[in-house]
Amino acid sequence: MGFRVLVLVVMATTFALPFTFFEEPGRSPFRPALRSEEAQALRHGLTLLLARRADGQPPDMRQPEMRRPEMRRPEVRQPEFAELSVGQRRWDVDQCMYYCLTGVVGYSYTECETMCT
């Protein structure tokens, strides 16, 4: 019962609003208008998306320059095991893991373990 009353109140309120509330017919003053170039870009993007879906391709519409650059893994030179003592090897692996895990790139533990061992 309460939901029906709420719906009726909302319908009556929106019907009772004067048409001068809107700046232009069909356009709300609270929603910013799209500029013509933005509207054209939006239409173009939607056209590309629909074309890709029709072709069965993934819907990645971003331009190549807007895509996130691929992160390259830093090359970690592993010294020969004969060169280092057991304690030195363990320290180097631990240091490699520390720098890998706390670095800017944000590798997972498994990725760091693969690179450092």
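All residue numbers here begin at 1 and follow the chain in the order shown.
Here the Cβ of each residue, glycine as well, is placed from N, Cα and C on the backbone.
On a predicted model such as this, the values are computed, not experimentally measured, just so you know.
Copied from Swiss-Prot, the annotated features are:
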COMPBIAS  62-77  compositional bias 'Basic and acidic residues'
DISULFID  C96-C116  disulfide bond
DISULFID  C100-C112  disulfide bond
REGION    53-77  region 'Disordered'
SIGNAL    1-22  signal peptide
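The 10 Å shell around the Cβ of C100 (disulfide bond) contains 22 further Cβ atoms across the protein chains shown. For C100 (disulfide bond) paired with C116 (disulfide bond), the C-alpha to C-alpha distance reads 8 Å.
Counting only same-chain residues at least 6 apart in sequence, those with a Cβ under 8 Å from the Cβ of C112 (disulfide bond) are C96, M97, C100, L101. Around the Cβ of C96 (disulfide bond), the number of neighbouring Cβ atoms within 10 Å comes to 17.
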